[in-house]
Structure formats: structure tokens, C-alpha cells
Amino acid sequence: MGGLHWGKCATSRLLVNYAEPYRSQILDYLFKPNFGASLQILKVEIGGDAQTTDGTEPSHMHYENDENYFRGYEWWLMREAKKRNPNITLIGLPWAFPGWIGRGKNWPYDYPDITASYVVSWIIGAKQYHNLEIDYVGIWNERSFNSKYIKLLRYTLDKNGLERVKIIASDNLWEPITLFVLQDRELSEAVDVLGAHYPGTTTVPEALKTGKQLWSSEDYSTFNDDVGGGCWARILNQNYVNGQMTATISWNLVASYYQDLPFGRDGLMTAQEPWSGNYVVESPIWITAHTTQFTQPGWKYLQTVGHLAHGGSYVALTNQRGNLTIVIETMTHDHSVCIRPPLLPYTVTAQRATFCLKGSFASISELQVWHSKFDFKVKKPVYFQKLSPVKVSNGSFTLDLDVDEVYTVTTITTGLKGNYPEPPPSSPFPKIYKDDFKVRKYYFSEAPDFADQTGVFEYFINETDPGPHVYTLRQVVTQRPITWVADADQTISVIGDYKWQNVTVSCDLYMEEENGGGVFVAARVDKGGGSVRSARGIFFWVFADGTYKVTSDLSGQSVLAEGQSGTRANIWNTLTLSVKGDNAFGELNGHVLWKNAVGLVPKNGWAAIGTSSFQLAQFDNFAVQAE
């Protein structure tokens, strides 16, 4: 049966920083059965220290001799999901891998035994440290697969007593994985599920020929307004009606990342303001509920599914023990366009539809009815409303269907539209912000609100420092990862309000590299995500060779000022960058080092910290003041 969903690509970054009770409320809307979206699947990224759409997620093995199963937020997210729904299906998938896996090459398959044991160690760690049983594992998100590696992954899982963990391949297009599976019996035995991304509700004949379960293993990725809700309603039904796909997984779970990063608000709900506590339960949450609150994994789709005479679609599912759920959608073309692929024109008009129940369902006398109506005219939509039950007479019932509606008609009586009091009102990121990173016992390895875009910045206890810098934030990635997109050659973590123009950013910085050491503070940073290489802004760098420079780009090519700073490695320095209008100045340890006009730079953007290459460096006493 179809289930739904996930949290990859650094998309839940800001969620962990919400105060209670708001954080638990958000999690209830996502995972609590019979409350909100009641999600049946949670798919997470196996962090690989590299940029994967909206940030980097830390690996459990930064280095070959390093293992830590408490980094990042995915462990916490899976535990919270399981706490609410012990039956939720858990999936792990790598987007990227730490650099040591490739032995210097940007490729994970030259040493497939190393890659397989790395991935399996994550699955073992999930159980050992968090009592989480991972149900499925993928290969390499939207990148090449390798048949030898898939077979070796199956062998490595089995050797470690993980026969129950199933393999999904290849989280890309239907081809060429389908042809490989048809032609290679050993590969076919290793792969349990064929998972395609953004299939446009269709499959290919070869995929059906394999006899495997077919999933839309990543879909949606659409701005979560009402058209996004309409997209989700249409594909949840039609992925099965048109493509026989029995699971649909939304990217992403919850929009908990700065909205000006790529694909802002492409989540089932929005929770991007931990500083205010504001969150928004968007329409996709209630559209999900139409399916998930009235079915469970293991339910079977009936073959009598299809398109309605005047447009729209219906699916029917049963638990094969007498329960029946029918989900109907009548979304019009313009009110259900997804971000991809293009949607061919079609028409839907109001209609009266009669459904006939046969066989074991003929004795049903009434069905519960849940209804959503999108309203694009006067903007008064209704989501997930319980209507009076419909009477079934002589095995049939009739519904009058308007356009842009979703109905669930079911024998299940436990549906509920959960709700909490309104959260606090929305407000911008605070104009005055400080973090001294003094966290003696940390639950999360990352400092609040920092969004790493290349590299990984973690809390660090500097036990050799007797002075004021025992508790710091440290950049820990020391070689370029096996990337998923084009990570920068520098490391960078952004923070704050993208609208900020006039700001003062200060931070204590400590270079650990004597040869090639370099660190920066920045303002007005205009890009993150997959575009981070071309990020512009105002970057104030100091280097271990005793020099400084000011550039308008992260790559350090467009130099606005440069000179001697006297800075060295293994000494703390305080950098302050002040930007107002077209003017900026920089201070080193309280003394002005440079003043400059900065005309050709972005007018606004985030504050940031980072390093000049993949190198160890520490940061302390970060502060920003915006006008």
C-alpha cells in the first residue's frame, strides 16, 4: 500500500531549534496517527558531509577511523516519528559520501566493499544507539548505480544479520535500472523495490514486467500553497491509477530551512521560524490524511481503480478483512501543477458519480465521508471536514463531485482532524543575535540556526585551551566529499535574515592549519544550496600567512582590498565586519584594518562564517547586529 514521506537534504535543519510545545505540535501534525498527516514512511538522508539541496548533513564517519551516531538531527527525527507511530517505515538513502570513501576520487564505487560497509554501519548504528530498525536502504540519490555494489550491499547486509532490510533502486529514472534487473538474476534478487523520482504518475512496461513493487520514491517538491496541495492530491491517487506505484514519498517532509535557499516552502507544512515559534499547517498535510488516516501499510489496492468519466480519479483499498477505503480527487489542471514533470492539458467538470460495491463489500450499509474543497475563487477552502455518512443501498452510493475536491469514503471510523491552539505570530530573525557555543551537554551537534552550505560545523570542547575558548564551534570536514552537487571549495555556514542589508558581524576565529589556513566572516551572502559555489556578498578573510583580504565572492576571486594582518594559526583573533549602504570596514582585534566602498555587491543576504578550504578551524562568540 501507498504510504508517504520524508526529511532529507538538510530540510529539517530549523525544526530542532523550536521551543516546546511548538516542536512537539509540529511533529504530531506530521507523525501522530489519526491526527494530521499520519505519515506511514519516513525517508532520511544518510549524511555525507556534502551539500544535498538546502545544506550539508553530517556523516557518522567524517574520517575512516571515526564513528559517531549522534550527529545531525536525523536520528532524533526518526526517534520522534517512531515514538508517535511505532509502525512507521524507515528508509535511509545517501546523497553524498565522505571523501575517504573514494580514496581521492569523486566516486563511491571504486571500492564497493568500503561503501557497503559504511552504509551498513549506519544501519547497525541506528539499532545499536537509537533502537531504530531501518526497513529499506537506497543506493545513491539520483546518481549512477553500480550492479556489483548493489549485490555487495545485499551480501554485506545479510552477513551482518540484516536480511530483513530491503534494497530500493535506484532513486532516479525507471531506466536503466529496470533493464539491468530484467537481465541480471542476481541483481533482481538483491533489489526489492524499484523507486523512481518525479515519474509524472507513469511507469514503463519493463518496470511492470519485473513484478517488483514500484514506488515513486521522491515526488512533489512543489511550493506548498493550494496549487501544491492540488498537485499532491492528484499524484497520490494517480501514481497508482496510471503507474501502479504503491508508495509516494514527498520531498520534503517539512519546510524547516531558510526560505531563500533553493525550493523554499516545498514541504508538507512550513516550520521555518524557530525564533518566533510560528509554523503553518499547509493543505498538503490534510490531503495526506485523506489517504493515511484510512489505510495502513499492508492494505491492498483493488484493481477497480481508474479515472472518472468527467475527469479526476479514484482508488480503492482494503485490509482484506472487510474494511474498504475509497479516495477520490477531481483536481483541475491549473490547480494541480507540480514543479516537474510538465503536465499535459486535461479537463475536469462537475459530475455525479455512482460507485457499486460487489462481493464481500456488498453488505456495507453506510460509509464515513471526509471532504476537502480547494477554493481558488473566493479563497475559502475547506480541508479534511467530516460530513454525514453516506447510505449504501443495493450495494451502491452516489456522490455529487465538484471540481478541485478530495473525498474519502470509508468503513474506518477513527479519522480525526487534530488541532492545536494557534502558534505565535510570524516574526523576522532577531536583529541582535549572539552565540558563545557554551553548551556543556549538547543534544544536537550543530549550533542553532546555522545552516551549513559546505563543510560541517559542530560543537567542540577544546580541552587544551585553558582560557575563554573551551566551548567552540568547529569546522571538521578536512577533504572534499564525494559530492552530490558542486560544493564550494571553501566551507561556509549561513545564518540570519536574507533581507539584512546593514549589519555588523563579529566572531572569534582560530585557524588550526599553519599551511594554507584561512577563515572569514561575511555579510550579505546571496546564495546557498546547489548554487553555493557562486555565492556573492562581502567576505572578510584572514590567513595564517599573516595576510587579509576582502572579496565580493566566496571563491575569493573578486578582491576589494588586501594587505598585511599579522595573523597566524593557533591564535585566537576577533574579526568584525561592518556594512552600511555602499561602505564597509573591517576590524581585527578591535583595530580598524581596512575601510572600503563596496559598490558591486549584493544589497542583502545572510551573515556567514567559514574557512578558505576543507580545513579544521574554530569559531567562538559569534554576534550579529542588524539595522
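Here the Cβ of each residue, glycine as well, is placed from N, Cα and C on the backbone.
Small disclaimer: the values here were computed from a predicted structure and weren't measured.
Taken from TrEMBL, the feature domain 'Glycosyl hydrolase family 59 catalytic' covers 7-293. Taken from TrEMBL, the feature active site, proton donor/acceptor applies to Glu142. The active site, nucleophile feature in TrEMBL is assigned to Glu218. Look at TrEMBL and you will find 301-415 tagged as domain 'Glycosyl hydrolase family 59 central'. Annotation comment: TrEMBL describes 452-626 as domain 'Glycosyl hydrolase family 59 C-terminal lectin'.
Each residue in the domain 'Glycosyl hydrolase family 59 central' (301-415) gets a DSSP state, and the totals come to 6 helix, 52 strand, 57 coil.
In this structure the alpha carbons, written CA, of the residue listed as 'active site, nucleophile' and the residue listed as 'active site, proton donor/acceptor' are 10 Å apart.
By a simple count of nearby Cβ atoms, those within 10 Å, the most crowded of the active-site residues Glu142, Glu218 is Glu218. Here the domain 'Glycosyl hydrolase family 59 catalytic' (7-293) returns a mean pLDDT of 97 for the predicted model.
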